[in-house]
Each structure stands twice: as structure tokens, then as C-alpha cells.
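K.L.:
From Swiss-Prot, here are the annotated features:
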- Glu205: active site, proton donor (ACT_SITE)
- Lys337: active site, proton acceptor (ACT_SITE)
- Gln163, Lys337, Arg366, Ser367, Lys388: (2R)-2-phosphoglycerate binding site (BINDING)
- Asp242, Glu285, Asp312: Mg(2+) binding site (BINDING)
- 47-58: compositional bias 'Basic and acidic residues' (COMPBIAS)
- 38-60: region 'Disordered' (REGION)
Amino acid sequence: MTEIVDIIAREILDSRGNPTVEVDVVLEDGAFGRAAVPSGASTGAHEAVEKRDGDKSRYGGKGVKSAVDAVNGELFDALSGVDAEDQRRIDNLMIALDGTPNKSRLGANAILGVSLAVAKAAAESAGLPLYKYVGGVSARVLPVPMMNIINGGAHADNPIDIQEFMILPTGSPTFAEALRMGAEIFHGLKKALKDAGHNTNVGDEGGFAPNLGSAEDALAFIVKAGEAAGYKSGEDFVLGLDVAATEFFKNGKYELEGEGKSLDPAQMVDYLAGLADKFPILSIEDGMSEDDFDGWKLLTDKLGKKVQLVGDDLFVTNPKRLQIGLDKGLANSILIKVNQIGTLSETIDAVDMAHRAAYTSVMSHRSGETEDSTIADLAVALNCGQIKTGSLARSDRLAKYNQLLRIEEALDDQAVYAGRAVLKGR
């Protein structure tokens, strides 16, 4: 009854107006699953490859018709009649059919769309919400939202080098209250920026993109806005950064052009440590470039006991890259982006591997998103305890937050908000 009878892919648009892949899967019993695939702006060199057409006469070369054709052709032929409840078999069949180490032949966007839609169809067939189907009875921890409320770097057209400045409402008793705190601080920040004469346009992920002079300026505005909203920084909420350092690592130096700084790896570590001393920063993502292992080691040795150091470009949700980090003692947390690795099974493996090594995990969106809220369910299913899904603006971001509100409501008194404990004593 749970055999796959139809797979239909189409080209849709993401939140930046670029094409992406959406996949529908239908099972013999009539169960249906739909998934839309996200896309990143700053991408790691070691990520699985999303397939784009390259035809400049359509969408500037960013069309995904070839990936859609791969789903409707080869992948449908290979998976027709296969039991949707055997997720790992399905994912392995697609990986084998692709035949490349980075899913570049069929496209990670084609493979992931099918992988997630299959899981959703199987969940519907089982009469379970996706988070329970994937995570079982232990899926009850609501994640701390890491809310990106000031954007810089590749996500905004301003002189700030660091890509994301986030608030983590760790002091709330529930996810719903955490979301309220985030929204109140977000609106307070808008007022503070406006009062200071800054623009309040938003970047790709819904955060503000003001023309501030430095990272310190951005952090000071956020702390001020939080305290004006009645919340205490360092207690009710803490701060997080996504440095996206790979984006400005050139010829062995970290080129902070907005601040007029050119730093070697040791100086970059000192720069980040200085920010963490001055502000309640408890999470730093991609503080060093993806292949600057020596720099990562310096950063981990200096800050790893008091700050969560998240590897995004460093690990690209890939167990092989994570193993390098574990062997070398790099970072202490992994960012989980389903489209970096390209299947649900491999995503689960990456989270399991991280948790076994006492690393934390953060479920994450991409800057090019859709209304699909799968990652909200996966954050709960995999007990990540943290989720990065943008700001408190743009419906593509709010879709995930609103789904988490529904999950918390459905879990009722079984729901647990991860809170400060998820940062492991930091």
C-alpha cells in the first residue's frame, strides 16, 4: 500500500525569484507528499551540487528544467513501485543512480526533492505528522530559534562584513514565548535604527540591512533594542554570529573591507574573541574559512569552552567532513542544511554522528527559501535543539516558525523548549 506510484517534479520560484525544484510523490494508498528545495547564496565548496540549466535565455541560466527532467524520468523509473517506508533504500538507490560523489549528474536539488517528498508521503500514509514519523516518541524538543535580525555580507548590500547577527531567546519557557520575544526585539530594533537615521530595508532572510560601520555597531543596536523591549541581554537572550568567513578569506588573510581590516588567522581569532568579550555572544558560525583548519583549531582552542562554534561551510552537513573536524578538534557544533548533503538519510546520519561526539546541531534554512516548512519538523524530529530560519519578516521564514508553533501546540504538555541548556553550559 505504501509503494510509490507517481513522482512529479516542476520548476517553481524561491524567495529570491530564482527557480527551484518542487516534487510531488503519490503512494498506492493515495497518500501524498510535496517538498520544495531551498538554495544558498553563500555556498561551501564541498556541498552537494544543485543542477542548473546554464541556458542564459531562461532565468539568466538559473533554470532547473534539467533537474526536473531527471526526477520525472530517471528517478521515477528507478523508484516506481518501491516502498516509501524504506527511506534509506530509496536514498541509496538515488545516490547509486547518480553515481557521482557530489550528486552533480542528476543534481542534489532533484534528489533531495524526491527524498523529502517520499518521507512526507510515507508520514501521511502512516497517519503521523512528519516530525513524529521521522523522530518517533522522543521528538518533543522545540528548538531555540536563532533569529537573523541584522544582515551583512553576501545577504545584504551594506558595508558590514559579518553575514548574520542573531538573537537566541534562550531564557523563554516555551517556543511560543521565545518567538514573541524575538518579534518584540525585532520591532524594537526597527524603531532604534529608524530613530538613528538608518534605513530599515530587509535583506534576503528578513533581517535589517542598515549602513552601519562595524560589527560592534550592529551588536550594540541589538542589545539596546532587546533591553528597550524589556529583556536582559545575556539572560533572557544571547547573541549569535554567522561570520561566513570563507566569503572574505583571500590569500591567507581575512579581508574585512567594511571595517578596513586585513587579518591573519590568529588576528581573526583575536577579533572574534574581542567581540565575544564585549557582548553576550554564545554562538559563532563559520568564524574561519572552510579549509583554514589551522585557523579553526586556534579558534576552537581559544573560544570552544565558552562559545558554540558552528561549522557550516566547514562541514557542509557531510559526515566525511565532520569526521575531519572530530579528528582535528575543530568547532563543537554542526549546521544542518538538507540541501548541502542531498538526502534525508544522510542528514539524519550527520546529526547522529555530531550528537554522538557531543557536538550540538543547528537545523538551518538557506537564503533562497520557499513556503515549505519541512525543516521545522526535522528540527524537532532530530532533536537539534536549535533552528536557524531567518528573521521575523518574510513569509518564507515565518512558515517555519509558524509550523513550530503548531508542533508545540500538538505536543501539548509533552513539549520541551530547549532553552539555554542546549548550549551545554555556555
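Here, residue 1 is simply the first one shown, and the rest follow in order.
Placed from the backbone N, Cα and C atoms, the Cβ positions cover glycine too.
Values in this document were obtained by computation on a predicted structure and should not be read as measured data.
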K.L.:
Roughly how many Å separate the Cα of Lys388 ((2R)-2-phosphoglycerate binding site) from that of Lys337 (active site, proton acceptor), to the nearest whole number?
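P.N.:
Just about 10 Å between their Cα atoms.
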K.L.:
For Lys337 (active site, proton acceptor), which residues of its chain lie six or more apart in sequence with Cβ-Cβ distance below 8 Å?
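P.N.:
When sequence neighbours closer than 6 are ignored, Lys337 (active site, proton acceptor) has Pro38, Gly40, Asp312, Val316, Thr317, Ser364, His365, Arg366 within Cβ distance under 8 Å.
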K.L.:
Counting only residues 6 or more past its boundaries, what in the same chain has a CB within less than 8 Å of a CB in the region 'Disordered' (38-60)?
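P.N.:
Same-chain contacts beyond the flanks: 14, 16, 18-20, 66-67, 70, 102-104, 106-110, 153-155, 163, 204, 244, 246-247, 290-291, 312-314, 316, 318, 321, 337-342, 365-370, 372.
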K.L.:
When the Cα of Asp242 (Mg(2+) binding site) is compared with the Cα of each of the recorded positions Gln163, Glu205, Ser367, which one is closest?
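P.N.:
Minimum Cα distance from Asp242 (Mg(2+) binding site) across Gln163, Glu205, Ser367 lands on Gln163.
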K.L.:
Hey, of Gln163, Glu285, Ser367, which of those binding-site residues are within 10 Å of Glu205 (active site, proton donor), Cα to Cα?
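P.N.:
Those near Glu205 (active site, proton donor) - Cα within 10 Å - are Ser367, in sequence order.
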K.L.:
Cβ within 8 angstroms of the Cβ centroid of Asp242, Glu285, Asp312: which residues besides those meet this for the Mg(2+) site?
P.N.:
Gln163, Glu164, Leu241, Val243, Ala244, Ile284, Asp286, Val310, Asp313, Leu335, Lys388
K.L.:
Grab the (2R)-2-phosphoglycerate binding residues from the record (Gln163, Lys337, Arg366, Ser367, Lys388) and give me their largest CA-CA distance in Å.
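P.N.:
Between the outermost Cα atoms of Gln163, Lys337, Arg366, Ser367, Lys388, the distance is 17 Å.
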K.L.:
Check the binding-site residues Arg366, Lys388 for other C-beta atoms within 10 angstroms of each C-beta and report the one with the most.
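P.N.:
The largest 10 Å Cβ neighbour count belongs to Lys388.
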K.L.:
Could you put numbers on the helix, strand and coil content of the region 'Disordered' (38-60), residue by residue per DSSP?
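P.N.:
Secondary-structure composition of the region 'Disordered' (38-60): 2 helix, 1 strand, 20 coil.
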K.L.:
Given the binding-site residues Gln163, Ser367, and counting only Cβ atoms in the protein chains shown, which has the most within 10 Å of its Cβ?
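P.N.:
Per the Cβ count, the most surrounded site is Gln163.
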K.L.:
In the three-state scheme derived from DSSP, which category covers Lys337 (active site, proton acceptor)?
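P.N.:
SS state of Lys337 (active site, proton acceptor) = coil.
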K.L.:
Could you state the CA-to-CA distance between Glu285 (Mg(2+) binding site) and Gln163 ((2R)-2-phosphoglycerate binding site) to the nearest Å?
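P.N.:
Their Cα atoms are separated by 10 Å.
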K.L.:
Can you check what DSSP calls Arg366 ((2R)-2-phosphoglycerate binding site), collapsed to helix, strand or coil?
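P.N.:
Arg366 ((2R)-2-phosphoglycerate binding site) sits in coil per DSSP, no helix or strand.
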